[in-house]
Amino acid sequence: MLSLNLLPPSNVTLSKPSSRHRINASLLDRSRAQSVRNPGHGFSPAAASNCRIPESRSDFGRFPLPPLANFSRLPSQKVGSAASGAPQESSPDAEIGAPKSGMNKKLAIVFGLWYFQNIVFNIYNKKVLNIFPYPWLLASFQLFCGSVWMLMLWSSKLQQCPKIDKSFIIALLGPALFHTVGHISACVSFSKVAVSFTHVIKSAEPVFTVLFSSLIGDSYPLKVWLSILPIVFGCSLAAVTEVSFNFGGLWGAMISNVGFVLRNVYSKKSLHRFKEVNGLNLYGWITILSLFYLFPVAVYVEGSQWVAGYHKAIASIGNPSTFYLWVLISGIFYHLYNQSSYEALDDISPLTFSVGNTMKRVVVIIASVLVFRNPVRPLNALGSAIAIFGTFLYSQATAKKPKIEGAEKE
């Protein structure tokens with residue numbers, strides 16, 4: 001005992017085994033506390049004993065232990081937890097997988113119907129115009145079919161009829177007028193040139209959208225203006241190399257672009273107060289008013305030629321019922337493909353709709369070339385591809401365009 005008392009004082013602990021045990025016990029307690037705060041990431045005593053602790057307390061804070069949660073990114077941890085049967089957190093992708101899959105199937109059906117109905121309309125519309133070249137009467141009949149279709153939906157309660165008043169009709173007069181101009185101009189173009197050429201020129205609609213929207217105060221970034229350059233170049237190349245080129249067909253398609261763009265612009269200005277009317281009902285009322293606009297003008301423009309043209313068409317086709325069937329199909333499918341486009345726009349973003357509309361033109365052009373055997377020159381095909389690719393670039397460039405006039409949905 002005296003020998004121990006005569007020793008000089010020292011800070012070194014002589015019982016090293018007990019000190020190591022105290023350090024390991026402290027580490028184990030702290031690891032258990034961390035495992036409680038981070039469930040699913042266990043920490044075993046064996047793992048604690050293998051951790052190397054610096055001997056100097058002054059160096060301990062210089063090398064902190066990484067949080068245990070960071071180890072969850074290692075593949076071995078995932079495999080181990082799966083093998084041990086521990087409950088794992090559900091993935092957000094797994095939770096929304098089923099609804100997203102159902103939505104994808106619905107969109108596939110809507111897009112499929114949209115494309116199919118558009119192809120059928122373009123083919124039978126052109127077949128009728130080849131033997132009965134009176135687009136004003138045919139366009140009027142197509143609006144008549146759409147009007148009857150909507151009245152049937154409203155009367156049968158399959159589509160809820162909107163409550164409208166005089167102010168709604170007055171606000172709709174402008175958009176209906178421009179819709180009439182766009183529809184009859186496209187039909188005139190179809191009667192004079194190939195279906196593929198009309199659709200190539202109609203793919204230049206974004207050019208007119210940018211121009212007219214800029215005139216009323218909307219602003220577009222530089223990439224949008226650059227995206228319309230290939231559209232202009234492609235349409236020009238397709239026009240100068242088109243075998244069936246006709247100035248009437250070219251101007252018809254161009255005026256159709258102007259009409260539909262002005263319809264969209266004017267609708268945004270005049271119909272923003274009637275948000276309770278959905279897209280399909282709005283299109284139905286536009287169709288009815290357009291019929292009243294178009295038919296009197298059609299009678300004035302070509303009404304005196306209809307009887308003689310009818311007899312000539314029956315003589316060329318041989319079977320009157322075939323002619324009636326073609327006319328009826330063109331009228332019904334004209335409305336159906338527009339109805340499908342509105343249903344698609346209700347379920348998807350404007351960007352997806354724009355890309356789908358671009359691809360629709362590609363499908364229609366290919367189908368019309370295959371059906372009518374139109375000769376296509378290599379430069380004409382190149383111009384068409386450049387123009388359609390330009391519309392795709394435009395849809396991408398306008399996807400994140402900042403809204404200048406508020407966040408209202410078009």
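Note that Cβ sites are derived from N, Cα and C of the backbone, with glycine treated the same way.
TrEMBL labels come from automatic prediction, so no person has curated them.
Keep in mind it's a predicted model, so treat the numbers as computed, not measured.
According to TrEMBL, the feature region 'Disordered' maps to 1-20 (among others).
The compositional bias 'Polar residues' annotation in TrEMBL covers 8-17.
Marked as region 'Disordered' by TrEMBL: 28-50 (among others).
Residues annotated as region 'Disordered' in TrEMBL: 79-98 (among others).
The domain 'Sugar phosphate transporter' annotation in TrEMBL covers 106-395.
Annotated transmembrane segment per TrEMBL: 107-124 (among others), in sequence order.
Outside the transmembrane segment (136-156) by six or more residues, the chain places 125, 128-129, 183-184, 187-188, 281, 284-285, 287-288, 290-291, 294-295, 297-298, 301-303, 306, 327-328, 330-332, 334-335, 338 with a CB less than 8 A from a CB of the stretch. According to TrEMBL, the transmembrane segment annotation covers 136-156 (among others).
Residues or ranges marked as transmembrane segment by TrEMBL: 168-191 (among others).
The feature transmembrane segment is assigned by TrEMBL to 247-266 (among others).
Within its own chain, the transmembrane segment (278-301) has Cβ neighbours under 8 Å at 136-137, 139-140, 143-144, 146-147, 150, 153-154, 159-162, 164, 168-169, 172-173, 175-177, 179-180, 183-184, 263, 267, 271, 335, 338-339, 342-343, 345-346, counting only residues six or more beyond its boundaries. Residues or ranges marked as transmembrane segment by TrEMBL: 278-301 (among others).
Annotation comment: TrEMBL describes 321-337 (among others) as transmembrane segment.
Same-chain neighbours of the transmembrane segment (168-191): 122, 125-126, 129, 133-136, 138-139, 142-143, 198, 201-202, 248-253, 255-260, 262-263, 266-267, 270-271, 273-274, 277, 282, 285-287, 289-290, 293-294, counting only residues six or more beyond its ends whose CB sits under 8 Å from a CB of the stretch.
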